Amino acid sequence: MVDSQYYLSNDIGISALDCGEAFRLLSPQEKMYAHNLSRAAWYGGLAVLLQTSPESANIFVLLQRIFRKQTPAQLEQVATAAGLSSEEYQAFLVYAAGLYANMGNYKSFGDTKFIPNLPKDKLKALVWASQAFQEQPSEMEALWDSCSGLLYSLEDRQKQLGLGDKGITTYFSGNCCLEDAELAQKFLDSKKLSAYNTRLFKKDNGGKACYEVRLASAVQKDCAVDGECESCCGSFSFEDKEFTVKRGDYGPLMEKVCHYLQEAQTYAANENQRKMLEEYQRSFTLGSVDAHKEGSRYWIKDKGPIVESYIGFIESYRDPFGSRGEFEGFVAVVNKAMSERFAKLVSSAEVLLPELPWPREFEKDTFLKPDFTSLDVLTFAGSGIPAGINIPNYDDIRQSEGFKNVSLGNVLAVAYATQKEKLTFLKEEDKDLFIKWKGPSFEVQVGLHELLGHGSGKLFVQDDQGKFNFDESKVVNPETGEPVSSWYRGSETWDSKFSTIASSYEECRAECVGLYLCLNKQALSIFGHDEQDAEDVVYVNWLSMVRAGLLGLEFYTPESKSWRQAHMQARFVILRVLLEAGEGLVGLEEVTGQDGKPDARITLDRSKIHTVGKNAIHRFLCKLQVFKSTADVDGGRALYDGYSTVSDSGAYNFLRLRETVLLRKEARKMFVQANTRVSGDSVELVEYEGSAAGLICSFTERFQEDAEQLETNLLELNKRDATCCMNVNTGKSC
């Protein structure tokens, strides 16, 4: 029997992401703008296949070839004739939907591998019986042979993403370990190159390690090309190792992205949008993060657009080292009513920020009022869809020029709808209240988390000229009472300094800001909550957080003692902090469920949230900010790793509780997204049903016009990776 965490259940929730009304309200120009940006996002999003696992791209092509010839409904008769039961065929559809939704065969939330929940010989029989196989037997057999082994393999290293012997990654060749990642980061820092759009391949050259840093770009040439003063490419000696910087990673995909960004410029609403798209195009053409940063500056200046978007190598959650960005692109339409609330929150930010528990010197010199809008997502290409976003992730821009916040309203509406019978680990008397207020409380938490969590706090920096952005002779560390003695130097960034813990640590800091500031009556009234309703929102927000901390144990791997999901690790850390606060604030006990199986119960004393709870978060949040501001990696890591520890000793047996959480876990929902299609002078929205079949159809129709060329490109890109000494089973150099 395969552990259920490694396959997707046939009854997994799959919902259509509704944006029909929002799209219909757009003008013809806005629809064309949204269409071209969506096309750019979808093609770029395919890079995630190559960023996830060695087999993901080939599995994707296998599925596309099958479903381009036969729809899920047509294939069902073939499956029955091939000996598959209806449950087995549904399991195949769910697997295919999962691969599309996650852009690979590892869950985007948790980084665990998933395999088809039907026997391998049954799946092979279906492939062989398909029309695609009948028409091209040798090609389809070769494609099956190239991926079927890894498609089903659950060897220890292949069960999760990770670096070296801890898991699978394609941000690095299979022979790389943590020391290689650290050396490469030093090299990149020395060249003032960002890791965001890179991958690292290690080769053995006569017993000497050589590293290839590959930049994502449409241009394949490594010499300077039009628009460049000089090329960053070439061969360099660094710490007695050879580094080569090359272009052309995901080349054909980046070409398509650039083509549609060019098309979108025709329909841009203003000069900021045009310049933004020009810079993005330059970034993806040349492999330049600096150009992307320039585009992001224009993006920040584009205040309150009707059609909002962002695209690039953005979030570093899935790079085991925490520095490389996964490609994502989104296009969304502003929800004006909800955006008004967020605008009020932005206006109140300067009143709320001083409430945070760190000294004034640890806060940004001026709060750069960002756009904060509620959006209905039209397109979100990548490995998964978040509920809210605070971008750009470039520290230097965020600190001095600003950022934007978005809350994805139609995602929130679907993702956090909860059925009472599926609500685990709460007292019966809490469940109705939880269901009533989960949505509104999460909206408050997302707003505070994104705007005042990620948007707060200063980084102390000494630049290359020796200039400080703070008074190093006067600023005192509140934790030690001594003058600040550490800071960021030169090109060091939050991600490069805190590397493997940076993402989760920052999510934890933002979650704590949300918990802390939701206790503020003014913040709650902005969202329309006063008196008893406000108290219920606070209670459910805190209860939701401690429950999420328990649920987070699903994303911990005991064998490697590692966390696979940044947000869930953050929530477990907060649970530990609130349990440690004592005085009966949080209760956690192991019980036996009505079904006779192990269960757990988590409780929260609402009368102690404003006292015991607030004090605990106050102390912890201040420490998080001080370590972050002062670039104190050792102090920050000791604090965070301490609370992240999962063991079977102490007051709570978290390893045993993890087994209970796995026993009662509910799979994360998948979303079916619409397509846009140009018809004459207008753009049509093509919507699909919220089912595995609907999700599959959306993907086969998404790339119709150049399907064969696109699939050939993906196979060739994957083959190129495979020749770069990527032995996924042993991790040894070829």
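Using N, Cα and C of the backbone, Cβ positions are placed for all residues, glycine too.
TrEMBL has this to say about the protein:
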BINDING   HIS449, HIS454, GLU507  Zn(2+) binding site
ACT_SITE  GLU450  active site
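Structural mapping of features recorded in TrEMBL.
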residue	record	Cβ neighbours (10 Å)
HIS449	Zn(2+) binding site	28
GLU450	active site	28
HIS454	Zn(2+) binding site	21
GLU507	Zn(2+) binding site	22
**Request:** Between the Cα atoms of GLU507 (Zn(2+) binding site) and GLU450 (active site), find the distance and write it as a whole number of Å.
**Result:** 10
**Item:** Residues within 8 Å of the HIS449, HIS454, GLU507 Cβ centre (excluding the Zn(2+) site residues themselves)
**Value:** ASN390, GLU450, GLY453, GLU506, ARG509, ALA510, GLU511, VAL513, GLY514
